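S.K.: In case it's useful when we look at the structure, here is the feature table from Swiss-Prot:
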MOD_RES   Lys21  (3S)-3-hydroxylysine
DOMAIN    63-288  domain 'OBG-type G'
BINDING   69-76, 94-98, 115-118, 246-249, 269-271  GTP binding site
BINDING   Ser76, Thr96  Mg(2+) binding site
DOMAIN    288-363  domain 'TGS'
Amino acid sequence: MGILEKISEIEKEIARTQKNKATEYHLGLLKAKLAKYRAQLLEPSKSASSKGEGFDVMKSGDARVALIGFPSVGKSTFLSLMTSTASEAASYEFTTLTCIPGVIEYKGANIQLLDLPGIIEGAAQGRGRGRQVIAVARTADVVVMMLDATKGDVQRSLLEKELESVGIRLNKHKPNIYFKPKKGGGISFNSTVTLTQCSEKLVQLILHEYKIFNAEVLFREDCSPDDFIDVIVGNRVYMPCLYVYNKIDQISMEEVDRLARKPNSVVISCGMKLNLDYLLEMLWEYLALTCIYTKKRGQRPDFTDAIILRKGASVEHVCHRIHRSLASQFKYALVWGTSTKYSPQRVGLTHTMEHEDVIQIVKK
């Protein structure tokens, strides 16, 4: 029996098993086996040919956004509207066959937008060009999932399932579980909270399935067996996802209202150029970027060339971005903007910068 057949059998077994106290250990074991087989499936085969166009796109700009969706949902049209890149667009499926990068210039930042080929059902098993598409998506800062509004929620659940099966966790945080394999001493299990989904016996069963017999486990929050398996495997990617429903000009106002109220969702129409500005604002929020402007002594601030950093960046991060030796020569900084009580305020390396702050660095 091949890996795909084993995965299919386990999925069927999970689907037909009733979830209750008596079956939780059995389900936990099945989920651990499923995660193991999926990991094996994603390992590149040694006999795989290296022919064909590659998908590797050099990371450029201040952030990377992956555009994922089924064929013919409007990804290429969206890329052409948002950037100066012409991605071939047509009303038939599979127009885009390789990864096409474009750059959005917004609020002084260069955001790399990748138009990935359409994902078909079964992409995680290697159908279509699914594996390469998903591998590129793992390197992004944010996933924009383009969906056809005329098809309701069918596409969304299928795509979520495909990404989930390859270790991409959308709009979730990393489970707060401490896990450390040891050379001896058996399994040490502790928790700082009341656990309602996992027990010590279930944790031991899952660890034994992975041939781990000595480890230290500490649950700092109430997590599910799936979360614990993610911690053991360790190669999961947790990233924000924005669900974008395109073609809203083809559905009723009631349906538009229903889709717009869903969490992490934006409704647009590329054909009529509707709501694209709001989508850009949401994308900026999800990327959590801040623009910092620099100022030389006795001169006006340079508003033409911003330093783009992650939200919560400190003065030290600004120093490293300007020059790697600047932090060691740092004396103090003067900051103008919303992060200070008065302008200018003299601050140290640990001061947290806000969006559109102006900084002047004084060296020793």
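Cβ atoms here come from the backbone N, Cα and C positions, even for glycine.
On this model, are these features tucked inside or out on the surface, and what's nearby?
M.R.: With a 10 A radius on its CB, Lys21 ((3S)-3-hydroxylysine) counts 6 other CB atoms from all the protein chains.
Within 10 Å of the Cβ of Ser269 (GTP binding site) there are 19 other Cβ atoms, across all protein chains.
The Cβ of Ser76 (Mg(2+) binding site) has 23 neighbouring Cβ atoms from other residues within 10 Å, across all protein chains displayed. Mapped onto three states, the DSSP output places Ser76 (Mg(2+) binding site) in helix.
Residue counts for the domain 'TGS' (288-363) under DSSP (helix as H, G, I; strand as E, B; rest coil) come to 11 helix, 34 strand, 31 coil.
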S.K.: Pop the mean pLDDT for the domain 'TGS' (288-363) in here, whole number is fine.
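M.R.: Averaging the confidence scores along the domain 'TGS' (288-363) gives 89.
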S.K.: Around Lys247 (GTP binding site), how many other CB atoms lie within 10 A of its CB?
M.R.: 20
